[in-house]
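Worksheet for the structure shown next.
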Amino acid sequence: MSANTFLPKTVALVLMLFSRSAFPESLWLEVENVAGKINNPSVMLVDSRAEKDYLSGHIPGAVNLPVNNTFDPGNQFRVVGLSAIQKLFRKAGIEQGKEIIIYDGGGFIDAGRLFWVMEAYGLNQVRVLNGGVPAWKEAGYELNKEETIVTESGFVPMVNPDRVASVFQTKLAILDENTSIIDARSDIEYAGEESKSSRKGHIPSAKSIPWENNFIKKDGRLQLKSVAELRELYSDIEKSAPVVTYCNKGKQSSLTYFILRSLDYDVSHFDGSWHVWGNDPELPVSK
């Protein structure tokens, strides 16, 4: 949740401009910025929550594209393939060339995951609303319960190899001292004390930065850290070299991917993550 939503609009606008200058391509947008774009035909708002949450109240004009629909039904640890994503995106009216602003229920995990999915499949003007629906409501803006009518698009997805790390590429990253691998799981999982896969430990050379470290707890809930705090969190990661992120099944580390993209890192995401690596006895593991 952004503190901006509790401030007068004039002050929030000043801080919003600071936030925009702090992030490349304005990947992380504040409520006031998004509110000013609602009626812009070149902007598309995407609600990444479940359909029932969308229908209970969404930002006016937003279309619903539940992030869980982008997981392969036969393998819940991987994103769906080209044909399935094409069907999903076309049905939602997703178009290349439009500015797409994703939001979720405020936790950033769903929005971060959908952000990566969209970039992985070739969309290059994707943003995220800071704080999601809670921030929107706290800023005094209304929600709409009417489903937005969508015109099916002709979107043709293309995999962006700069944003997707395969098992082979991750193996190469281990051997490349200039490439950083970030394990976004918990410290105890990284240390090999617990595991959600058949093997324990972590990918060799990976550094442990749990996804929860991107947040602080405020008023009983998680809030993203400030830009300065996030830069400090990742200060040991070489900015001029490639970075690969992973977690257990690729959802939490998609948030890490989004944060690093926002901080102007050259980052890709290993989908399938530890579920794939930790269950393959042919792949190396460190503890």
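Cβ coordinates are placed from backbone N, Cα and C, and glycine is handled just like the others.
The domain 'Rhodanese' annotation in TrEMBL covers 39-145 (among others).
Looking only at the domain 'Rhodanese' (175-286), the predicted model's pLDDT averages out at 95. The feature domain 'Rhodanese' is assigned by TrEMBL to 175-286 (among others).
Secondary structure of the domain 'Rhodanese' (39-145) per DSSP (helix as H, G, I; strand as E, B; remaining residues coil): 39 helix, 25 strand, 43 coil.
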